[in-house]
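Record features (Swiss-Prot):
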type	residues	note
BINDING	132, 272, 362	Mg(2+) 1 binding site
BINDING	134, 215, 223	Mg(2+) 2 binding site
BINDING	210, 274, 275, 276, 343, 348, 357	ATP binding site
BINDING	267, 268, 325, 331, 343, 364	L-glutamate binding site
DOMAIN	15-99	domain 'GS beta-grasp'
DOMAIN	107-474	domain 'GS catalytic'
MOD_RES	402	O-AMP-tyrosine
């Protein structure tokens, strides 16, 4: 919307903007904000910044060194369609208040450094990313945990388990079965108008949508695909995408979750990520003579993704819930191989006709619980390491990997089965991320400590309700 400070300030004056919503991303990937009146938003903010308490933000500073500085990024500004008073929202970079250097734990800074590193390699000058984020639309969610009990419950007018319940006006049916929600027309698809409204608002905020549809899961699983863009821009778009989806749903009395696996015995929500490298305006992943139309550069890029996948998943699939999705039987990509067209492989080469510009790699493992700034940056660094070191991936497999006999399947490498395992893999394999100081040692150590303490240990130490079913009378 804007390219420089003057554009923002002129728009504020000309359009009678009343508030500036200051946004930045915490380490796990949740957008934070505070709001200031435009009367106190002076031009000096673009040079002197705004201060905030970094010790109160997850994964940031200790209390004895808590002051942090925010500097605006004018290119991220948009008019927030959900605010009662005209508000211009803008995402900021985080800096050290003394040295003014960019903060090493700022996720946006890491994404920016990854793009700078790419240009410095001379391999390519631009990386494009295109995520396909899935989510569930529920009518109601309740959950609780305390030392003596726990529960969670979700519900949806569209849920398969509600075919027999009494509903106001009568139960009219048309509820997708478990794993039976892919592409039905209304009335089975209850939420097509809601997704269209989400699409409309996404366009209003500057995000191009290519498609929206019902996904496989019952109870309102959905997908809205946005247009690819450069790494940092796509990560910004995905954060805004989540904001829009959640708020449109809430305005219609619904609630959305991007949890990878909110339902047992139905498909999880993934986020397939398409990526490609370009140089001087030309695509680098196409060769008419290569397998699947891939160039050597693309093949080595895939080699890097597969070689570093156990460590990479610490950023692309960073929650304990991620590994409830990554299991056989629910269309999840658990096999660390690549293939043309084959959706059961974790790396797929989508059909794009004969157009070199359409040639790309689809990494099917990630899920929308990730911090996109860190996930896309880590993917790029893994792919570049593969190119730089000419890492050949294993031979492609064009069979249906879900139907392989046990002896053949045993030879196919699998994704790690838990967050704990991928964190261990990241601890052992992170040199590729630290190239060019894109991911600092401090960032990696902070990520490992945060995830182990606040997620792995937090889950490990608490009794699970199903354990009572299994063991109460043992």
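Even glycines carry a Cβ here, placed using N, Cα and C.
Structure with Swiss-Prot features highlighted.
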residue	record	Cβ neighbours (10 Å)
134	Mg(2+) 2 binding site	22
210	ATP binding site	12
215	Mg(2+) 2 binding site	20
223	Mg(2+) 2 binding site	20
267	L-glutamate binding site	23
268	L-glutamate binding site	25
274	ATP binding site	20
275	ATP binding site	24
276	ATP binding site	23
362	Mg(2+) 1 binding site	19
- Using DSSP with the three-state reduction, classify residue 267 (L-glutamate binding site) as helix, strand or coil. coil
- Reported in the order helix, strand, coil, what are the DSSP residue counts of the domain 'GS beta-grasp' (15-99)? 16 helix, 35 strand, 34 coil
- Query: Taking residue 343 (ATP binding site) as the reference, which of 132, 215, 223, 325 (the binding-site residues) have a CA within 10 A of its CA?
  - Reply: none
- Task: Could you measure between residue 210 (ATP binding site) and residue 132 (Mg(2+) 1 binding site) for me? Cα positions, answer in whole angstrom.
- Result: 10
- Task: Within the same chain, and leaving aside 134, 215, 223, name every residue whose CB is within 8 angstroms of the centroid of the CB atoms belonging to the recorded Mg(2+) 2 site, in sequence order.
- Result: 132, 133, 135, 213, 214, 216, 217, 221, 222, 224, 269, 270
- Query: Can you name the residues of this chain that are 6 or more positions from residue 331 (L-glutamate binding site) yet have a C-beta less than 8 Å from its C-beta?
  - Reply: 216, 267, 343, 344
- Item | Of the binding-site residues listed as 134, 274, 276, 325, the one whose CA lies nearest the CA of residue 362 (Mg(2+) 1 binding site) | 274
- Separation of alpha carbons, residue 134 (Mg(2+) 2 binding site) and residue 276 (ATP binding site) (Å): 21
- Message: Just to be sure I understand the packing, how many Cβ atoms besides its own are within 10 Å of the Cβ of residue 325 (L-glutamate binding site)?
- Response: 24
- Message: Can you tell me which of the recorded positions 132, 274, 348, 357, 402 is spatially closest to residue 268 (L-glutamate binding site)? Compare CA atoms only.
- Response: 132
